[in-house]
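Structure record follows, encoded as structure tokens.
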Amino acid sequence: MARTTPINRYRNIGICAHVDAGKTTTTERVLFYTGVNHKLGEVHDGAATTDWMVQEQERGITITSAAVTTFWKGSRGQYDNYRVNVIDTPGHVDFTIEVERSLRVLDGAVVVFCGTSGVEPQSETVWRQANKYGVPRIVYVNKMDRQGANFLRVVEQIKKRLGHTPVPVQLAIGAEENFVGQVDLIKMKAIYWNDDDKGMTYREEEIPAELKDLAEEWRSSMVEAAAEANEELMNKYLEEGELSEAEIKEGLRLRTLACEIVPAVCGSSFKNKGVPLVLDAVIDYLPAPTEIPAIKGVSPDDETVEDERHADDNEPFSSLAFKIATDPFVGTLTFARVYSGVLSSGDSVLNSVKGKKERVGRMVQMHANQREEIKEVRAGDIAALIGMKDVTTGDTLCSIEKPIILERMDFPEPVISVAVEPKTKADQEKMGIALGKLAQEDPSFRVKTDEESGQTIISGMGELHLDIIVDRMKREFGVEANIGKPQVAYRETITKDNVEIEGKFVRQSGGRGQFGHCWIRFSAADVDEKGNITEGLVFENEVVGGVVPKEYIPAIQKGIEEQMKNGVVAGYPLIGLKATVFDGSYHDVDSNEMAFKIAASMATKQLAQKGGGKVLEPIMKVEVVTPEDYMGDVMGDLNRRRGLIQGMEDTVSGKVIRAEVPLGEMFGYATDVRSMSQGRASYSMEFSKYAEAPSNIVEALVKKQG
């Protein structure tokens, strides 16, 4: 079967934003204008096509990113047929993991901002994630029909708060209820949308006289930005003072792909004014799979050997599983992004991370929640594979003959835990199965059994995250559960450096004995430039002359890591530890891996007396938006919660207070902040860093460990 759309006419994009910027409505309009949906779904009716889980429809927020395949020929039919794969991403902080993993497999992003509230804390998080993966993006300032909407103010905020260079390619005509259309700065025409066909078509007219000067001014800065793309364009611009439409687009495209600029457009998705031009901008400025760098990876046999795959059907097959979803009809769906090669249904692939072969039963492409069965996928495609037995988010599925492990995704450590138990004993096993499936879908959610109490503990990124997990257990798996009080994920670290400790484990009482002996130097690991402490262990080997044979070194590392889980002060896991093994001895007969593991574990245990341990608590970055009348109460309350106020600013929606507050003080804050402000304040919170906990909290924790 030949390729139906050439790969240079593919666009794999995500629509990202903070809560309530109108992202799902924008995605809905994209599906409508590209001909997939004949009835518009509105989020506030609970009818949006991409929000296909029941909770999403009830809460009106998007939780799982659904991948949708659409086609676009341009707002005026000016292009050949382009295949646009859209991934809808959630905007709620508790689901940043979803955003992170969709950005990992995208080539470009449309970042949606609200014309009234502009750059919000969540937008900064999404922007940082997009920077991390080097994702080219365009900006769509939505909700221009809302009170207080101002396109150029949001453009200015992007520059100041996100440190990026936005280049408007449009201006808004009118604002709030008088918002009627846009000025196209490339064609220098005014665009007015047709209400009769829900904004499918528009008419072009002369620019209104009162906007002429402003349009000229912004056009010249746009042309200048395009000219800076390369010498050829710059020379032409300097000689003639002008560039053609095609040259402007080419210059802007080159600079967008290099992540130097961000083209900015505006509109109102809800009022059907502007989304077709957002799609045009996707085609004009965002990359095809062939225009992004080859994807890097390593050889499964030797992780020091680097390898890469280009977006080409002739290269060996490689793909990344970026999402696992459970479907009521077909079982497990594995969403995969194909980077190279071709895969047909019935083929076998290698899961190179787990070293297992899997047979692909069927493959489907999603059009929101309808699916179309397909026979093959090629480089650049995004599809859902059915019949995978053991695949986790972030696994590589590739050719068996030419295997590769693509770069893994980083998943954050959970910061909050609760004990969960089924309402009836009969549901115990069912609950275990349900939690196992949910953990396979969502790598930022963990399940473990507390060895002492035998309770099942679930951990996640925030209260909302865990609420939704419990809710899904009830709806999808029919398991009702009671949950305990939230527990904070405390950590511990040491304060002393260069503490040298001897670990010796000897059992020699006739017959085959045990002998392990090592000297380890412990220090606090370096923190990064933001003051964040490294999560795991930094391990180094400085043993010379074979006093400890090489094959026992991994056992020493394992012994340290296992003991780190037990902490040194109050039994919480140890982080930010650097350990260097530098001496020791062994016995020809009695030494084995187990003995060295125990010796290292014994040495680590002594840090409790010698390492100057301290307890760390998670600190959250909290941003509260409140009307001015309640500002005093909100700030007083944050101070009572041991919050450090970082700054304040005025916005259209009220005063914004930024603070860093320990997570342990934030439980139930959603209810408290609402009652303090008569329901008018809202807040968002994300993990910032670990910091030392005050002595009264440490005493209580030590007492609790008893």
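Note that Cβ sites are derived from N, Cα and C of the backbone, with glycine treated the same way.
Pulled from Swiss-Prot:
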- 8-290: domain 'tr-type G' (DOMAIN)
- 17-24, 88-92, 142-145: GTP binding site (BINDING)
- Item | Ala17 (GTP binding site): tally of other CB atoms within 10 A of its CB | 28
- Query: Given the model, what does the mean pLDDT over the domain 'tr-type G' (8-290) come out as?
  - Reply: 81
- State the three-class DSSP label for Met144 (GTP binding site), counting H, G and I as helix, E and B as strand, and everything else as coil. coil
